[in-house]
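Heads up: the structure comes next, in structure tokens.
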Amino acid sequence: MATTSEHLGPPVVLPSQDGRRAPMALPGAAHALVAGLLACLVYVLTVQTRPAHIDEFYHLLAGRSWAADGSFAILDGRYERARLFTAIVGGSFDLFGRSDLWVARIPSLLFSGISVALAFQWLRQSGGIWSAVAGAALFGLAGYTLDIAHFARFYALHALMILTAAGSLFLATRPAGRFRPGWLAATALCLAIAAHLQPVTAIAALALGCWLLFDQRATIATMRPLHLIVLGAIALACATIALSQAGPALESYRHAERWATGSQDDAFYYLREFRAQMPAMLLLWPVALAAAWRRNPSLASLCAIMVMLCLALHSFAGMKAWRYSYYVFPFICMAYGLAIGALVERFGGRGTLRPALLAGAAMLLLMGGDVAYRHSARLMASTLAQGPAALAAPVPDGEWDRAAPELRRIAQGSSLLVTGDDLRTLAHIGPFDLFISHSRLGELKPPTDFNSDFRTGRPLIDSRAALSEVIDCTDNGVVIVSDYQWRNPMGVRPEIAREIERRLTPVPTHSSFHVYSWRHPTVRRACPHVGKQALPGTKGASVVRPLPPRGRCVPSGQSCPPAFFGIAATAGAA
């Protein structure tokens, strides 16, 4: 028999003790909507506090192609990872009539706000109003969430899908729940979308399965033998399928790209990350879980398993970054929301003032003790100091914004453009012909010079010999590399930089860029690897797929809804 704390209580008071679940009331949904809108307002006001990130340009450039003709093209390649999100970004371009990073970030802003609203409503029904306020505030105002909301990448949508899948499964397993098949179908759909966005969804799905077994252990123990046999057969079939793919799955799990090998075997990566950014919440985590368990054991156990099991598995994975595991962060905040709700119930008394002061003091303790929240406070203070006029400005991209006009002028006079920054060169200067990158070449199979990058279709090199071959067979060209990539072991390596300095002529330009050129009187031999774009006078003439002009979806100005609504035919797994 389920305990009363496992049932959902009325949405406007603390969970009821009569074991009956009250229906969702309009005021509760309205409060959740207000929470989501307030979160979106914060994210919009601070959207330009995060400079452009290199990964955002994938969806920016491919999104322009989607808005123009329904493809995912970037130059001669295709960017097909997380195509659903790219299509959403393209739809945003069409809707707002602009195709810049500001508009590309709008979907992430909205998805983050929806996640805050969902967390608020879930906590309101499962732990009461103070649990909802505290959990939603901790989640929505964290520096992690602001960074994801300001990131034109699929992480906000992925976190929303995992949170929605968990909430749907939670509702499907409540004793007094209705529409269980519908909630289970919603769980499966959300997990499928999340898997399309991120392979790490397998870790989240495993954690949800473990929680389901734990939460429903009493029900499983009372099942009929025939039902147990059927479940056992299904479990055996799933285990057999999993074991048949164990080798490739383990290889993928442990794989790390060249730029990520430094943390590949660092099992304490996430522990150090949270110790640095959220020391107070990390230190008080056991206490918060214990208090949350008293408030709602089912939701507390879900939060505990989603956080600890997922982070443990991520800790032994090859690729590590805090954003890869961002989807667990809402569950951390929900556990603290339940804990603060239990604290208010125990010591808050009656009325409104004392509970509000107690909840506020608890949140102030956590936010004041964690760098992640002080970071958010600085961003909001910076926005208030700038005034509303700054909202209309483009998303900043550092030295590229200042140097772009001069770099474009230099690149226009060359037959071959070689770069160490592929996407930023394409976004700020124009189409390039050759890309130098140690890290990016390692992502190709085989990782050999002049192999084409599938994302842009342009050849990659990472050796002095390959660079010399290109210089020798092209009558003129220019090399443009940012200071960040210059002599970077993962970018333009020191030995290649020395070869450029030895053979080419420096071009005076912006101090944050390294620009070199060459010019031969005649072409001494053919260039088989760089194609027609390396021939004199043909740069971009036949190999460059034109991009839509900034500020419009397509050159002719016609609308793009048919391409946007054609998403069902092209948004398969990346």
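Glycine is no exception: its Cβ is also placed from the backbone N, Cα and C atoms.
As given in TrEMBL:
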type: DOMAIN; residues: 86-237; note: domain 'Glycosyltransferase RgtA/B/C/D-like'
type: TRANSMEM; residues: 24-45; note: transmembrane segment
type: TRANSMEM; residues: 102-123; note: transmembrane segment
type: TRANSMEM; residues: 129-147; note: transmembrane segment
type: TRANSMEM; residues: 154-172; note: transmembrane segment
type: TRANSMEM; residues: 184-214; note: transmembrane segment
type: TRANSMEM; residues: 226-246; note: transmembrane segment
type: TRANSMEM; residues: 274-292; note: transmembrane segment
type: TRANSMEM; residues: 299-318; note: transmembrane segment
type: TRANSMEM; residues: 324-344; note: transmembrane segment
type: TRANSMEM; residues: 356-373; note: transmembrane segment
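Within the model, the domain 'Glycosyltransferase RgtA/B/C/D-like' (86-237) carries an average pLDDT of 93.
Distant neighbours of the transmembrane segment (356-373): 130, 133-134, 137-138, 141-144, 276-281, 284, 336, 340, 343-344, 347-348; these residues of the same chain sit at least 6 beyond its ends, with a Cβ under 8 Å from one of its Cβ atoms.
Of the recorded ranges 129-147, 154-172, 184-214, 274-292, the transmembrane segment (299-318) has the largest number of C-beta contacts under 8 angstroms with 184-214.
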